[in-house]
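Residues annotated as 5-phospho-alpha-D-ribose 1-diphosphate binding site in Swiss-Prot: R37, G38, R69, D88, D89, L90, V91, D92, T93, G94, G95, T96. The GMP binding site feature in Swiss-Prot is assigned to R69, D92, T93, G94, G95, T96, W134, I135. According to Swiss-Prot, the Mg(2+) binding site annotation covers D89, on the basis of sequence analysis. Swiss-Prot lists D92, I135 with the feature guanine binding site. Taken from Swiss-Prot, the feature xanthine binding site covers D92, I135, and the record attributes it to sequence analysis.
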Amino acid sequence: MSEKYVVTWDMLQIHARKLASRLLPVEQWKGIIAVSRGGLVPGALLARELGIRHVDTVCISSYDHDNQRELKVLKRAEGDGEGFIVIDDLVDTGGTAVAIREMYPKAHFVTIFAKPAGRPLVDDYVVDIPQDTWIEQPWDMGVVFVPPIAGR
């Protein structure tokens, strides 16, 4: 990945609220299935904004911080996804998204961020990201003092 896109907590909440507004009316949803781990925080934000209490997870491992590797389903929510929102932070190459679509063919699959290769696999997303860009999510970063450029 040549570029980095840094996401702040404020930006993430703004994007999640925008996505939540597109998922109204809330009565159409039975619950949320968050893709662990990237979809956990966005899933919590959607659950809060939409007032949804039924939240489950599908646990899929496909990354080690910045390296993609073999896909493993560690835990899945039951059913075919009918009436459920499946949320992940990002659709990238589409590997995880294909697995989600196979497991939950009737779910409404959404992400906050979408790269071109995976974009056709989601029902909705908020932010376009170039394919060669790595996203630094706020839960992967700490707040650190940065000295002034002039060194004062």
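From the backbone N, Cα and C atoms, a Cβ is placed for every residue, glycine too.
Shown here: features listed in Swiss-Prot, placed on the structure.
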| residue | record | Cβ contacts under 8 Å, 6 or more apart |
| --- | --- | --- |
| R37 | 5-phospho-alpha-D-ribose 1-diphosphate binding site | none |
| D89 | 5-phospho-alpha-D-ribose 1-diphosphate binding site | G38, G39, V41, P42, T111, I112, F113, I135, Q137 |
| V91 | 5-phospho-alpha-D-ribose 1-diphosphate binding site | A97, T111, F113, A114, K115, G118, R119, L121, V122, Y125 |
| G94 | GMP binding site | A117, G118, P120, L121 |
| T96 | GMP binding site | V35, I60, S62, L71, D88 |
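The separation of W134 (GMP binding site) from G95 (5-phospho-alpha-D-ribose 1-diphosphate binding site), Cα to Cα, is 16 Å.
G95 (5-phospho-alpha-D-ribose 1-diphosphate binding site) counts 19 other C-beta atoms within 10 Å of its own C-beta, drawing on all protein chains shown.
Between T93 (5-phospho-alpha-D-ribose 1-diphosphate binding site) and W134 (GMP binding site), the C-alpha separation comes to 12 Å.
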